[in-house]
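Trainee: After the structure tokens below, expect a handful of questions from me.
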């Protein structure tokens, strides 16, 4: 591993049962802290002060806290800066006579710069504790030296291989990474071709002119959270094909959970004497543990309220931050109505600014069931869900009876403002997202390319929730109001994982209120078992709305109250009976529809939507297959005409 230096560390360690704290001070790096791997938002590197007590709690100078995985046991621990660049705490296991890692500043090792050498791409192995250094296409690892070198040098002409979810930086050298303003992809590509030192470039298809010219391949990282694609420059004679595409690797590298199983006991011929000794020692340890816990509570009497919400006070390392109610009250200007950016079934959403100037979305939940421990458990599950197309949970508040979640702020608002509010009468549910109501008819029109990327991103996110997490999650409320758009129109699903926090009768009544004319699947109304196929149905309805630009209960500007009319059947008849797909296209961009460029994408979206909207759940595809159908990696057979349970088929 290569890290620029020199580094100077002055550590003062006092770890013993008589001296309960370890102090670390004057921890600095030189000449630059930008490459230091465990810098975080919770504390500063320079002149940092922290304490590690004998129970395994790390107290930061600014009030932040972390705990080790074996918190509460008075064990021998040591803090070490490993040769990987990661700061870890080890705990000694006297039975196994070995040191075990109980906390680390960077759980995901690929995020430590320099884990792999030049030209390599760092990927995760079976868990985030293991890494794999892989050469990109067009490169090979040299036996003996272990270096990653080009197979064919660029002599004159070159081409580019697209690497999705991959990012390279130019390292710490001056001029190795250059940001340029490029009006489109061709301009960004030309910027690299005209630079003899350019080895590749990063580009986002979002209209924001993001283009980065890279002259050295350092710190290669594969991650599903990478928004830009990297285009690697190779000689035209290079025959390697890129393997970094689409959804293939996401299914294997998300929601890592480490499970430790106890070893089976060794068989032995224990005598009565040994049993007596073991029983005596166990009783002594039990008594000492009870006494120690009583002393602990006595010493920290001011934290007696913590006993009721013990699980909420101390989060695992790397978990969501616990905010105080006062912090969020100040951030939202006392929860002012002027800061309201959304109203929905789960509660109101406020725009806020934290003391570190980060803009956040603060959701005040209502009708939340369960106690503090249940709430903590659900928050922990939600916080572990990381995907490019999911809104990131930053923290929470559980104080004074409040249940508040703090999310990243997504600036462009919800998808419905772009689909239904541009030059149209607003038929959106008045109880849903209200931000943007002042900007009706002012939103830009989404072209076919952006609509397709939105549909594919949402499908991948729902597939992640259904199939990739250890504890799979049903969203139960897929609709345009819960699909937010970032500055680059990257879609992000909100309100995932919240259905378990609501009362069951509230969810049932909410679904019955919407009925089959909204986004709820027929099984909600028929009181059948709810499975992931209910989310598939809701996504199919949203997918048709993305194509048509109208609500599923509104056609050509007028409400359709007749039970003879059903949105998916109307779309099916237009496409398959009348053979005129242009009749269902959004009027705002129908003029830009070019059958040579867009027909394949639009037909793929319509076919996928019709399959998702089948009445019987077993007829609908899984969300993983839906994503592949939209990608075009699987063949889509002709769908059957969708019916609804109280409507017959003509």
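Placement of Cβ uses the backbone N, Cα and C atoms for every residue, glycine included.
Straight out of TrEMBL:
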type	residues	note
SIGNAL	1-22	signal peptide
DOMAIN	148-235	domain 'Apple'
TRANSMEM	275-297	transmembrane segment
DOMAIN	335-646	domain 'Protein kinase'
BINDING	363	ATP binding site
Trainee: Looking only at the domain 'Apple' (148-235), how are its residues distributed among DSSP helix, strand and coil?
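Mentor: Computed counts for the domain 'Apple' (148-235) are 9 helix, 36 strand, 43 coil.
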Trainee: For residue 363 (ATP binding site), which residues of its chain lie six or more apart in sequence with Cβ-Cβ distance below 8 Å?
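Mentor: Result: 342, 346, 347, 348, 349, 350, 404, 405, 406, 407.
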Trainee: Over the domain 'Protein kinase' (335-646), work out the mean pLDDT and round it to an integer.
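Mentor: Mean per-residue confidence for the domain 'Protein kinase' (335-646): 81 out of 100.
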Trainee: Which three-state DSSP class does residue 363 (ATP binding site) fall into?
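Mentor: DSSP assigns residue 363 (ATP binding site) to strand.
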